[in-house]
Amino acid sequence: MTESGNGIVNTRQPKLFLDVPDMTSEAKKTYAELDVCTYTPKNLGDSKHEFMECDCFEEFRDGLNHACGEDSDCINRATLIECVNGLCKHSCGTDCQNQRFQKKAYADISVFKTERKGFGVRANSDIEPHNFIYEYIGEVIQEEEFRNRMVKYDQMGFKHFYFMMLQTGQFIDATLKGCIARFCNHSCNPNAYVNKWVVNGKLKMGIFANRHISKGEEVTFDYNVDRYGANAQPCYCEEPNCIGFLGGKTQTDAASLLPQSFADALGIRPSMEKKWINMMKAKGEKIAKSDTTTVNVDFVNSLSLEPCTKTEDVNRVMSVLLQIDDAFIAEKLLERITLTEDEAMHYQFIKLHGYLIFSRLITMFEDKPDIIWKILNFLLVLPKTTKNGIIHSGIDKKVEQLKNTPKFEVICEDLLEKWSKYETYTRISKKDISENSKVIDLRRIRLPIGWEIIHENGRPVYYNAQRQIKQANPPTDSAYRSNSSHNLSGVSDPKSRSATPSSNTSRYSGSVKYIPTPTYGQMQQKRTLSPEEYEKRKKSRIEWEQKELELRKLMEQETLKAKLDQETQKKSELERIIEEANKQKELERLQKLKQQQEDEERKKVKKQASHVNAIENKWVKFFAQHVPNLIKNYQKDVGKDVLKESARNIVKSLAQKELKKDSSRSPPEELSKEKRAKVKTFSMQYMDRLVAKMKEKKEKKR
């Protein structure tokens, strides 16, 4: 019985290859051996961020530095970064335990010849869960060269390709140059997984044990995540959950939907992937595998993310964010962070270079104000610590810049004011440890949540910034201890998401029953026939089962297609009805809008006319006070009635002249002398013309 990394117990005994000859020497003749990866150009594989020291201390015993070990709470180890001699001089010193890639601390493995898969890799001794097995070494190339080599190797007739995606646009090619890790075969139920570490400024890819691996057992991992080949190939892993094919552009049913480290960081369980894949199958939709990314965006978008509840959850999230350049995954991980309300987890976020990560996220999402707002809000709720991490990350300067944006001004001011009250301290050094080791070994103290060891007045002091407590002796508050309800010393241990072995029941309902592949022990018990006859019957049975499976799949596909066509037709009809209704609704809206605009225009014209008429009436009244007196002497010439009519005409003409000059101006309270003279002249000219016309008319009658 073996237990996988995700805690699932596999009752199927692993197959051992103890008596198969060692073929390592022969296998190495098929490629050029490399001790380290080569990079063309040299900047490929570079980490995008500067190296960060851990906060461990040297721990020499028996001539060996035990710092940063498997059971330590080393920040670098938890975030998949190796410590480097010369760069950790103020912390863990030289040759600590977190240098497995650099020291080539490989597991004892060898190459052997498999029955159907060519060469394979087996364990020469037991390997414990999450132990480092081997670095995947090869030529690191750009995407354009990767595509050229894919075509080239296919034309050369190569059956096996050895491409692994290191990061976006960069690939490790171990086809012609590499190491024996290239011979690790695929399995649908693997005992190892691939993870990426930052080692001395370069991103490295390593193979790690997913569960206990017994001596003689083949070492396998899932190709369907980071490994690339030209065409899909038959799978010969013989696992109960085998899907039949691996590689190619289209993912198979059990293909991983995103890299192991991303899945662990997002809190994705195997059942979640399986449920989504089954749902896609039911819809008759293929799960496409992109050439440019290892993340299935549709699957990730379908997830309902959960907050971090354990230290290892935080470790996984922060280790990915330290390396990631994928904004899509970064946004999803940020969502998981902001959902977390547990203060113990908040302290762990801060501890694992939290302020540095949030500083990078602000830069990554500088053109997305909604995400920036989320980051600032989360920073505001983080508990108080020392100011060292804030200053080192430079996040205070970025918040200062964001303050110039009106939307962020208030929250940035609140955040900067909060940080201004934090204190900066010199952390305890190795010299301080040496001087105080006679009294107490500071390296072995497991501090409660929120506590730090700082240097004050030449002596180590225990400090809790949130509670504003300093004391000379180690804190003993059990309610805040890291090893009580929350294990803050946990190290990120990626878990396997491979499907578990199926039970001996039919995989499908109906008349056709699928018989699972027998276990290795069952096959041993049935070998009463000769090997030749046994193999013949086995081949025949497999062929029959394959045909039955293909027939069943074909029937399922036809049923699903018919159902999908019917649903598509219903959907199209519904969309047509909705479209017609929307068109009618839009037409009514436009007509109503047009009517409103016409009504508004009429009101506007009427209002303007009303305003002009009011002003005109004021001018008429104004001139009516003066014109009759100016022309009263003409009554003897034209008569009383004609004089009144003439006065009205003169007043109206004068009012029209004023409106033409300015239709909004009202008349003055009094008529000025200059204006009176002009009005008098106009009025008398009008009357003189009228008198002349009347005299001319009388003379014609005579």
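The backbone N, Cα and C atoms fix where each Cβ goes, glycine too.
Here Swiss-Prot flags 554-611 as coiled coil.
Swiss-Prot lists 472-490 (among others) with the feature compositional bias 'Polar residues'.
The feature compositional bias 'Polar residues' is assigned by Swiss-Prot to 497-509 (among others).
What Swiss-Prot records for 519-528 (among others) is compositional bias 'Polar residues'.
Here Swiss-Prot flags 529-541 (among others) as compositional bias 'Basic and acidic residues'.
Here the compositional bias 'Basic and acidic residues' (656-674) has, by DSSP, the following mix of helix, strand and coil residues: 8 helix, 0 strand, 11 coil. Per Swiss-Prot, compositional bias 'Basic and acidic residues' is recorded for 656-674 (among others).
What Swiss-Prot records for 49-105 is domain 'AWS'. Mapped onto DSSP classes, the domain 'AWS' (49-105) shows 4 helix, 5 strand, 48 coil.
Residues or ranges marked as domain 'SET' by Swiss-Prot: 107-224. In the domain 'SET' (107-224), the DSSP tally of helix, strand and coil residues is 17 helix, 54 strand, 47 coil.
Per Swiss-Prot, the feature domain 'Post-SET' maps to 231-247; the stated evidence is sequence analysis. For the domain 'Post-SET' (231-247), the predicted model reports an average pLDDT of 71.
What Swiss-Prot records for 445-477 is domain 'WW'.
Annotation source Swiss-Prot lists region 'Disordered' at 472-541 (among others).
Taken from Swiss-Prot, the feature region 'Disordered' covers 656-678 (among others).
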